[in-house]
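Encoded as structure tokens, the structure appears first; notes follow it.
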Amino acid sequence: MNQTASPRESMGVTNKSTQSTTASTTPSYPFELDEGACVYDNKIYQSAEQIPRPHPCDFCFCFRGDIICLQQTCPPPIARCYETQIEGFCCPRYECPVQSTTMNVTVTTPTTVPTQHVERKGCQISGVFYEVGEVVRAASGPCLECKCDHSGVMQCNPKV
């Protein structure tokens, strides 16, 4: 009977329990692996330990002797915005031109100081005024946080 390597073995992944049952196809190690440990790319990872991957969208970890990989997805592109990749982050940053504006705000205080008129800089987005640094909740989501910046641009950065 011809024995073929399982997908885990072809990736170079093994653990203590599979090593003893597939000794003919699994590389031998001069040491004993801890229960639940994984071997990937000739390195040992303990259960719950993250396995580094070259692409920031890939997240792999050892879990009780198995390697589990998840791939992060990014929100769809934002219309009329410019995409910028950020090193080490899976999702890009978006810069969106918006109407830069100022708003006169009346400030009243409970003292004898007369009422003051203050000019605030910000962005006008869909008819709503946002001060510089304020989060634009209508454009933000679970993966992106969008803010009005001082140059009249709404910047949307990926959340960690």
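Residue 1 is the first one shown; counting continues down the chain.
Placed from the backbone N, Cα and C atoms, the Cβ positions cover glycine too.
Pulled from TrEMBL:
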type	residues	note
REGION	1-28	region 'Disordered'
COMPBIAS	14-28	compositional bias 'Low complexity'
DOMAIN	36-97	domain 'VWFC'
Practice prompt. Check the domain 'VWFC' (36-97) for me and report the mean pLDDT.
Written response: 90
Item to complete: On the DSSP side of things, how many residues of the domain 'VWFC' (36-97) fall into helix, strand and coil, could you say?
Response: 0 helix, 28 strand, 34 coil
